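K.L.:
Quick paste of what TrEMBL says about this protein:
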| type | residues | note |
| --- | --- | --- |
| BINDING | Asn7, Glu383 | Mg(2+) binding site |
| BINDING | Lys14, His207, Leu208, Gly209, Asn210, Gly211, Asp282, Phe283, Arg284, Gly330, Leu331, Gly332, Glu333, Asn334 | ATP binding site |
| BINDING | Arg90 | substrate binding site |
| ACT_SITE | Asp147 | active site, proton donor/acceptor |
| SITE | His179 | site 'Transition state stabilizer' |
| SITE | Arg240 | site 'Transition state stabilizer' |
Amino acid sequence: MNILVVNCGSSSLKFQLIDSNTEEVLAKGICERIGIDGRIVYQKGEGEKEVTDSPMPTHKQAIQLVLNALMNEKSGVIKSLDEVGAVGHRVVHGGEKFASSIILNNEVIKGIEECNDLAPLHNPANLIGIHACKELMPGTPMVAVFDTAFHQTMPEKSYMYGLPYKYYDEYKIRRYGFHGTSHSYVSKKAAELLNQPYESMKMIVCHLGNGASICAVENGKSVDTSMGLTPLEGLVMGTRSGDIDPAIIEFIAQKEGLDITSIMNILNKESGVYGISGVSSDFRDLESAAANGDERAARALEIFRYRVLKYIGSYIAALNGVDAICFTAGLGENDPVLRSTVCNNLAYLGIEIDKEANSVRGKDIVISTPDSKVKVLVIPTNEELAIARETLALVK
Ligand code: ADP
């Protein structure tokens, strides 16, 4: 069965058509600048990327263009829409309602709408994509796969904040965690690669991209993770501050005469390694700036790595040990210096990194030495494939 995976944002829409039998990506791409002017980037298999400027005032038109591209006589991969067996939608926030993926119907859509408050930038955009697909492919089953679902197994002691309980009762203010599809995919894959039983392992997954989070996985379940009510908590990220003393908000507000919206914008978009370095949120830029003697860029990298290390340390304590530590996403997959710096600080656990394996790119690999007491792995994440698998499992 071919499964269309859709990740719909407010002005962009990423898609992949995956053959669930072979798990091959038949075609993929992105619609950008929806509602502005419109551009579709389309790639058949491993072929050349085709970029077409095309007006797309609404998401419905964007999806229509995707479907046209998939059925195009020359570069298309299907002849008719009947060849799309199901659609899997990435949905950012499932609140406490959704602890797993679910077939979309009107009631589920209403449930997702009820979570809009918790992710006002993301959920409404995800829903627009869902409605657009529903209109264009009314007979095709659709599934919602939530970023938060994997973390719904966290115990209360991990997810509760030290706030008056009524805020949890009334508004469901608690830690939810994100990147769940990735943490789940990577931890399962690591267990497979190590040939160890997923259901009885202690793992720590470091998803380090522009957005970054760490997850403690015990016996196949998320028991703690670094992001919270929103993706702002936890690690120092590309442009997000991660954990800070909440009193800083009032302090800056008073010093600079700013309102809460401006401060949240600073914490989300002007902080992190970008804010510290003043150079870039892209770690490649930071590394080259640091290599050229830029001290603030070097400091930003050091601060980022130190926070990663501290979270790993705290999760080793929470898990009372660890069998495997996994690195994934843009930086986790591509930055051997980050991995070796972090792991060298864990040498007391008997962790030893194999230099040669640590320099390999683009494949699932164990980068610790055979004698290392804790296994360390790099597992390239594949959230689209994970969404396609979840979708298939529900519609089969
Ligand atoms: P997101 O999905 O959150 O946008 P990604 O997982 O795509 O993020 O990761 C993007 C980050 O990965 C960027 O900051 C980029 O600098 C970093 N990255 C990608 N390749 C490398 C590399 N070779 N060395 C260091 N960092 C890299």
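Glycine is no exception: its Cβ is also placed from the backbone N, Cα and C atoms.
Please treat TrEMBL annotations as automatic predictions, because they have not gone through curation.
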K.L.:
Do any of Lys14, Arg90, His179, Arg240, Arg284 (recorded positions) have a CA within 10 A of Asn7 (Mg(2+) binding site), and if so which?
P.N.:
Lys14, Arg90
K.L.:
For ligand 1, which among the recorded positions Arg90, Arg240, Glu383 have a CB under 6 Å from it?
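P.N.:
Result: none.
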K.L.:
According to DSSP, which kind of secondary structure is Arg240 (site 'Transition state stabilizer') found in, if we only use helix, strand and coil?
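P.N.:
Note: Arg240 (site 'Transition state stabilizer') is coil by DSSP, not helix or strand.
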K.L.:
Looking at the recorded positions Lys14, Arg90, His179, Arg240, Arg284, which sits with the largest number of other Cβ atoms within 10 Å of its Cβ?
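P.N.:
The largest 10 Å Cβ neighbour count belongs to His179.
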K.L.:
Counting across all protein chains shown, how many other Cβ atoms sit within 10 Å of the Cβ of Asn7 (Mg(2+) binding site)?
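P.N.:
22, counting other Cβ atoms within 10 Å of Asn7 (Mg(2+) binding site).
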K.L.:
Quick check: in three-state DSSP terms, what is Leu208 (ATP binding site)?
P.N.:
strand
K.L.:
Between C-alpha atoms, which of these recorded positions comes nearest to Asn210 (ATP binding site): Arg90, Asp147, His179, Arg240, Glu383?
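P.N.:
Nearest listed residue in space: Arg240.
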